[in-house]
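Asks: Structure incoming, see below.
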Amino acid sequence: MIDLLIIAGPTAVGKTDISIKLAEKLNGEIISADSMQIYKYMDIGSAKITKDEMKGIPHHLIDVVEPHEEFNVSSFKTLAEKSIKDIWSRGKLPIIAGGTGLYINSLIYNYDFTDADRDEKYREYLTKLSEDKGKEYVHSLLKDIDEKSYEKLYPNDLKRVVRALEVYKITGKSISEYTKENEKKLYDIPYNVNYFVLNMNREVLYERINKRVDIMMGKGLIEEVKKLESMGYTPDMQSMKGIGYKEVLFYLNGDISLDEAIYLIKKGSRNYAKRQLTWFRKDKRSIWIDKDKYTFEEEIVDKIIKMVKDK
């Protein structure tokens, strides 16, 4: 069975530094579980790790697709499983590091995307329907077949609405039912999982997030978005809807001021961190590490190593 170490947590909590230190001590390689860092050219807004910051540790699933290409949890699972096997086959420890909870769950709950993968014709039909009758109409189709998704999703979130309708068409089940059934396959995975979630005082975390946004602006986030626009990447693309990118696009289009854009990026990032923590709390397998209780990161690293070895 393959040993798999997972270092998760909210944005700006410090997953990168901890995972690199663990990789150095455990002879590991890191697989990124970040839904934005998979895109090429989107470096500043995604807080993508630099080559120097990697400290010689190989990183996987960073810069793997162009910004116009679609990438989803099924794509991640396929590539991550391939990387895990490759790393393990070379006598090294695969370390998953990131904050996209769905990506992590696709591995440790062995989500099966083969039965309900895609129905392109149905997707095209629903997209055309939204253009003809409006997003609200397509959203209303959920009411009778998947009330939970109907209440949870907004009409403007067309991509997720279409996905929920697609899953129901293929399986006859709501997307939440389908997910629960996949989660029952928990112990069918070929991994010995050690799952840690880093956390810290909420106010301190929010301060770190605000500071990170200021640093991004100083590094040239606006210039990065301008360059992406000049390369032909548009606001309707999945990648350009990421936090930081969509707000700067609003600013560049004259819809909001620069101060408003910065405010919205900070607010959106804080809200995202809150959602991440809520997601991770649902998983009873995860072991939480409160960073506030430690003076040095090395203490956290040593604690994780001890817990892994004592398991």
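Keep in mind that glycine also has a Cβ here, set from the backbone N, Cα and C atoms.
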Asks: Under Swiss-Prot, which of the candidate ranges 34-37, 58-61, 82-85, 238-241 is annotated region 'Interaction with substrate tRNA'?
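Replies: Range annotated as region 'Interaction with substrate tRNA' by Swiss-Prot: 34-37.
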Asks: Can you break down the region 'Interaction with substrate tRNA' (34-37) into helix, strand and coil residue counts using DSSP?
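Replies: DSSP classes over the region 'Interaction with substrate tRNA' (34-37) add up to 0 helix, 0 strand, 4 coil.
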Asks: Would you mind pulling the DSSP three-state label for THR16 (ATP binding site)?
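Replies: SS state of THR16 (ATP binding site) = helix.
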Asks: Can you give me the Cα-Cα distance between THR11 (ATP binding site) and THR100 (site 'Interaction with substrate tRNA') in Å, rounded to a whole number?
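Replies: Spelling it out, the Cα of THR11 (ATP binding site) and the Cα of THR100 (site 'Interaction with substrate tRNA') are 9 Å apart.
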Asks: To see if you understand the setup: which same-chain residues, six or more apart in sequence, place their Cβ under 8 Å from that of THR100 (site 'Interaction with substrate tRNA')?
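Replies: Spatial neighbours, sequence-distant, of THR100 (site 'Interaction with substrate tRNA'): ALA33, ASP34, SER35, PHE76.
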Asks: Within 8 Å of the Cβ centre of GLY9, PRO10, THR11, ALA12, VAL13, GLY14, LYS15, THR16, which other residues of the chain have their Cβ, at the recorded ATP site?
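Replies: After dropping the recorded site residues, what remains is GLY99, LEU198.
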Asks: Within 10 angstroms of the C-beta of VAL13 (ATP binding site), what count of other C-beta atoms is obtained when all protein chains are considered?
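Replies: So the Cβ neighbour count for VAL13 (ATP binding site) comes to 24.
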